[in-house]
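What Swiss-Prot records for 15-25 is motif ''HIGH' region'. Residues or ranges marked as Zn(2+) binding site by Swiss-Prot on the basis of sequence analysis: 146, 149, 159, 162. Annotation comment: Swiss-Prot describes 332-336 as motif ''KMSKS' region'. For 335, the entry in Swiss-Prot reads ATP binding site. According to Swiss-Prot, the domain 'tRNA-binding' annotation covers 573-675.
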């Protein structure tokens, strides 16, 4: 009995409409597109949607800086985003915006239902207010000195140096990041979503299979620490949707942003007329709903979003598919190094299929970060796509075209070998379906090695010179072309542009169900180059064109200018600080934090655990193990969300990827005092 086609709705996280798409963004859109293309090849009905996240204070302020209205800015940004996604062959059925009539109506509907069901609470809160701009300041628009480690220029929600979290009112010497003014405290009534009311439902949903194990474990930490009511409103001025019957109050961007998934699909339904919105979003929907997201927005998608849907009588997602971050050459993307590469810049220099293949080869169902090593990128694409796959076609097509008028043989030279290739369809399909594209690629390339070994052993270039062996030559080369066809069918979800050229060359569509039947007595077209090798010089040009001079042209820069020397202290004050040499025994990531590393330090007879905000500069923590460093040993232990930090390691630098762990001269031993 034929398998019943599934009805599936797939979304990617909505790109924020205040900046360009870069190669970090593209990981998610490529991963989702590969999965969608595979599902379509298997006969499932997939609707693939996305939209720009177009609301919030950052967009309002950036538009002001540009001297244009927010509506104009987000329209221009949407056009750029859609052009980039089209350039990478992301097969969206609809790309919309959260600043839309559909989203306004759905946001108001969901809010109204939540309010009617008793899940909206009113509370007066105190907030920092910019007296010059006449606006309340979100956390990220306040900067000051960290109340924990005293690091300057930290945002109002957490410290990028020590990893501490706090409220903006706890900052020392806070300043508005908008105007530079000293903010004042003002009270305002806000509306809160009663998230704790959904704790039992969320805990059951967490363990229902809707989340990866890593995500479910992280959520358990949030449950253990207790859920809090969620502030869903912001005060004017704000670019977004005004709350019904509450003049001057606006929905917080994270309320209407996920509703944008629904708005984009509603817009598609209205365009097509053959889709039923409720079939995919109704409370008892039997269709599948999948969200591809990055690990940085798990909190919103795994807690607030399903709770909002439950409380407003809509269905919850079938699954969240969470991925990690992208690093380039082992480090965080950097504008100064040219590794912060925009999607549009990439497309000026390289084929989109190259990046699609490289990401596919590295992706799995886990939340691990992926490193785009540019030298490895060049080597892998050239070795796999050009040397193994495309070369298989070029080695055989010439003989078929010249000696046999483009006609393939009527019989397979090696039916057993061909069956080996088609038998792999099940395991490769399982890998794609489970988002293990890296596993699928490894299996496909292993088959490519077998195919090339077959051609090497049969040596058609030798057979071509032997009289009376035309039938053998015909059979060998036809076998090679058929193996190439199977490989390209397996690679079709990953390489859409190469697939299109391949289908034109083979004069047939590549479908999963047709590979059981080889191409026999079939006419192919004249072979043309299907894929070009990557030139490392092109990659270097791309990097060079992505470099930005990060230094402001109008002021003197340097460590002292950026970070002035603090006021003078007495020797007695300094003597209170006990700094010691420490050996880093172990360094590891902290699950749930994209800024912290957990360090186990040995001080010569004593072991300490420290959480340090240096992850952005040291993406491979294992490289720190065995290294000597300097730590403040008599700092009071500090309880953090992830455990107790028993000191602080000494670093230099402004932050981000420019953090430098201090090390002693050779000969220093763990436990020695730094004087």
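Our numbering is plain: 1 for the first residue shown, then up by one each step along the chain.
Every residue gets a Cβ built from N, Cα and C, even glycine.
Structure coloured by features recorded in Swiss-Prot.
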residue: 146; record: Zn(2+) binding site; CB count, 10 Å: 23
residue: 149; record: Zn(2+) binding site; CB count, 10 Å: 17
residue: 159; record: Zn(2+) binding site; CB count, 10 Å: 22
residue: 162; record: Zn(2+) binding site; CB count, 10 Å: 23
residue: 335; record: ATP binding site; CB count, 10 Å: 13
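A mean pLDDT of 90 is what the model gives for the motif ''KMSKS' region' (332-336). With DSSP states grouped into helix (H, G, I), strand (E, B) and coil, the motif ''HIGH' region' (15-25) comes out at 3 helix, 2 strand, 6 coil.
The CA atom of residue 162 (Zn(2+) binding site) is located 24 Å away from the CA atom of the residue listed as 'ATP binding site'. For the pair residue 146 (Zn(2+) binding site) and residue 335 (ATP binding site), the C-alpha distance works out to 26 angstrom.
Between the alpha carbons (Cα) of residue 159 (Zn(2+) binding site) and the residue listed as 'ATP binding site' lies a span of roughly 22 Å. Rounded to a whole value, the Cα-Cα separation of residue 149 (Zn(2+) binding site) and the residue listed as 'ATP binding site' is 28 Å.
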